[in-house]
Amino acid sequence: MTASTLVSLDHVSKVFANGVAALGHFDLHVREGDFISLLGPSGCGKSTVLRLIAGLTEPTSGSVSWPGCNEADHRSEIGFVFQEPTLMPWADVADNVWLPLRLRGVSRWEARERIAESLALVGLKDFAKAYPRELSGGMKMRVSIARALSVKPRLLLMDEPFAALDEITRFKLNDDLLTLQSELNCTVVFVTHSVYESAYLSNRIAVLTPRPGRVIAEIAGVPVQERGSDFRTSMPYAELCRQVSQILTRNLADGGMA
Amino acid sequence: MTRNPLKLVLPLTVFVAAIAFWELYVRMAAVPPYILPAPSLIAATMKDDWPLLSSSLMTTLETTLAALVLAVIGGVALAMALSLSRIVEYSLYPFAVVLQVTPVIAIAPLLLIYMPQDVAVLACAWLVAFFPILSNTMLGLQSVDRNLLELFQLYGASARQDWRARLRSRLKAFWHLRRPAALPAFLAGLRIAGGLSLIGAVVAEMAAGSAGAGSGLAYRIIESQYRLNIPRLFAALVLLALTGVALFLFLSLLTRFLLRHWHESALPREV
């Protein structure tokens, strides 16, 4: 059974006003239920892909299409997580999570259950009244994820969300994210520059060329249901990392820059 | 929260010692009061002249506070307009800068010609206090996390794209995001403006006073100088200093109260 396509990027190129070509002939078809990692060197346009999907910027040429739903519908079904937690320091955790709903006119009272659910999903239900400054880096990122979950997203866009975290916290959040995805049954497009993270999280890994970015190779990950509890130290995981690293290294050598 | 008692004890000790030294010096060296009055004489003058000084104090205080309130209204309104529209920013901001960099003492005589005296004094004080509020509020309104603005674009944008929808989404971002983000910078501007509005009021009163009218504390200082009533001059000066300190303390407390939950500047330092 093949899942239906949620969003398609076809022959997309993006040239910024300053003349920098971020993407060129970029093709990607995100299917329902995918966990796709976009892996590539810095500046290869990974974040631009997420911004294009979210409608925060327009492609210079090519198309971003949502088969099966209109422009207004898909926007309401996107959750976005940035590299930084990007929380409002003046608002407590619950109010930060409320933000996307608040912007859509949902009152605090109407949103209270959704806020509580989202916080429970990321394990922060006892921290609703805390202010961001009182939280650790990992907890702030959880709040950021809870905020993205508050809109019950069909598609979660994550832009190197764990890059600034320590290894232990990152491992924990990687596991939590996989659990969340299977519980919520949502689709994830995940930008990373970590081979190990992409191999651990994804069922599809799209390797991008240096700027202007395009997908040079797509590697299938190990499906979550086929993994053991010791996947991170298993041979299939090591083999996948080796394979992805090889493609990435070859790609960089061909592209002539790092 | 534990407070370091030295923070209060040390300046108080220095203050008391300085006053005691002053009093002793004046008495022992028999300095005439028209050169340097003793603190005790200044206190006595303050008590004797209180009806006159207090009414002057009220006049200066009224000018200062009115100027500050008007500077807040004008500065914030203009900063909002400038941050919502590039056209307004390009059209008006240079003039705000010109008004700021021209010394108020040079504008005061002109204002006194064109306006009734009390309005001219108020206008001078307003001119000095207005700019720090405008520039700080603008800085605050513009220092918003870009990612948060993108979140607003993602979740807050309307499907319609006419000018009304755009204005509505800008106002939404203003209210929910730019307004709270600008609060610390605005309050920093307010603290500066508090002191400046007093300075503006005094400078304008002096300019007006030298034209032979006025009843604020600055006028009392000029008048006392002409009459060689130096103890009264000192008493008026003390009242001005106390007004400045009270204004600063009030605005600092207000800042701490409004930012107490989240801003680093208002949080107790951990030891």
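For all residues, glycine too, the Cβ spot is worked out from N, Cα and C.
Annotated domain 'ABC transmembrane type-1' per TrEMBL: B:57-255, in sequence order.
If you look up TrEMBL, you'll see B:61-85 (among others) marked as transmembrane segment.
Long-range contacts of the transmembrane segment (B:92-114) within its own chain (CB-CB distance under 8 A, at least 6 residues past either end) are made by residues 78, 81-82, 120, 123-124, 127-128, 130-131, 134, 200, 203-204, 207-208, 211. Residues or ranges marked as transmembrane segment by TrEMBL: B:92-114 (among others).
Here TrEMBL flags B:120-141 (among others) as transmembrane segment. If you look at the transmembrane segment (B:120-141), the same-chain residues 6 or more away from its ends with a CB under 8 A from one of its CBs are 63-64, 66-68, 70-72, 74-76, 78-80, 82-83, 96-97, 99-100, 104, 107-108, 111-112, 114, 174, 178-179, 181-186, 188-190, 192-194, 196-201, 203-205, 207-208, 214, 216.
If you look up TrEMBL, you'll see B:181-204 (among others) marked as transmembrane segment. Within its own chain, the transmembrane segment (B:181-204) has Cβ neighbours under 8 Å at 60, 63-65, 67-68, 71-72, 75-76, 79, 104-105, 108, 111, 120-130, 132-137, 139-141, 143-145, 216-218, 240, 243-244, 247-248, 250-252, 254-255, 258-259, 263, 265, counting only residues six or more beyond its boundaries.
Remote same-chain residues near the transmembrane segment (B:233-259) are listed as 37, 42, 45-46, 49, 53, 56-57, 60-61, 64, 183-184, 187-188, 190-191, 194-195, 198, 202, 217-218, 220-221, 224-225, 265-266 (criterion: CB distance under 8 Å, separation of at least six residues from the stretch ends). What TrEMBL records for B:233-259 (among others) is transmembrane segment.
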Intrachain neighbours beyond the transmembrane segment (B:61-85), with Cβ under 8 angstroms and 6 or more residues off its ends: 92-93, 96, 118, 121-122, 125-126, 128-134, 137-138, 141-142, 170-171, 174, 178, 182, 186, 189-190, 193-194, 197-198, 200-201, 204-205, 216, 243, 247
